[in-house]
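This report refers to the structure that appears directly beneath it.
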Amino acid sequence: MDFLNTNTGQNNFNNPNGGHTAIYIDDRPMNNVEGRMTVSGSLMQNIGDPGFNTLDEPIKTTIMRDLKAVGMKFKHVLYLKEKNTLLKEWDLWGPLMLCTFMAMVLQASPDSIQVGDGGPEFAEVFVIIWIGSVIITLNSKLLGGTISFFQSVCVLGYCLLPIVIALILCRFILIFEQTNFLFFIRFAISIGSFLWATYASVVFLGDSQPQGKKALAVYPIFLFYFIMSWLVLSHTV
């Protein structure tokens, strides 16, 4: 891009129009300059800057950036090294994906409903997850928690990842003919996912609770993930 030179010339003081500024481009005077100045790609603002705008970027770029952000949050749940990411950059895309996947897998088949031994319906799983998250969040706020409503819902939703992994493994085990040994494996997987989900959520949310009230905040979290793990273990269709 050529730079604009506002040189007034050497005879500016003797020129009656000394106040006039001539515009030069490549040392050539230009009487009229039309057009607009754009910011080059290297000068574009980064995510998090006050003036950052994603309206002009391709849809593919937006989707890939959001998927990478969700993947990084999943990684932080499995490897508890950075516990501030879920709180600072919260979103509900990950919890929505996990909730939808669990509802689709756990829902009862039409044949099992007829014999009266089916699992929960799609809407029932949705209600258990989201209403449970809301109740836990309200309990945390009433106890004096320092995080926002959506931050708590985000953490509780992302911490369902170990239980979703257990659901996939248990679903794979159900392909084979069931024995006491396979049931024990499913039981161990469900218990392990329950403990990891509870521990991860406590790590993320523990510092937001006042001293002396953490046990009251952890108890409903314990019940929430216990119910979800029980749904995984009891799923046999």
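Cβ atoms here come from the backbone N, Cα and C positions, even for glycine.
Some features that TrEMBL has for this protein:
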- 1-20: region 'Disordered' (REGION)
- 87-231: domain 'Yip1' (DOMAIN)
- 122-143: transmembrane segment (TRANSMEM)
- 155-175: transmembrane segment (TRANSMEM)
- 181-204: transmembrane segment (TRANSMEM)
- 216-233: transmembrane segment (TRANSMEM)
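Take the transmembrane segment (216-233) and the stretches 122-143, 155-175, 181-204: counting Cβ pairs under 8 Å, 181-204 has the most. Model confidence over the domain 'Yip1' (87-231) is summarised by a mean pLDDT of 87. Taking DSSP states H, G and I as helix and E and B as strand, the domain 'Yip1' (87-231) has 112 helix, 0 strand, 33 coil.
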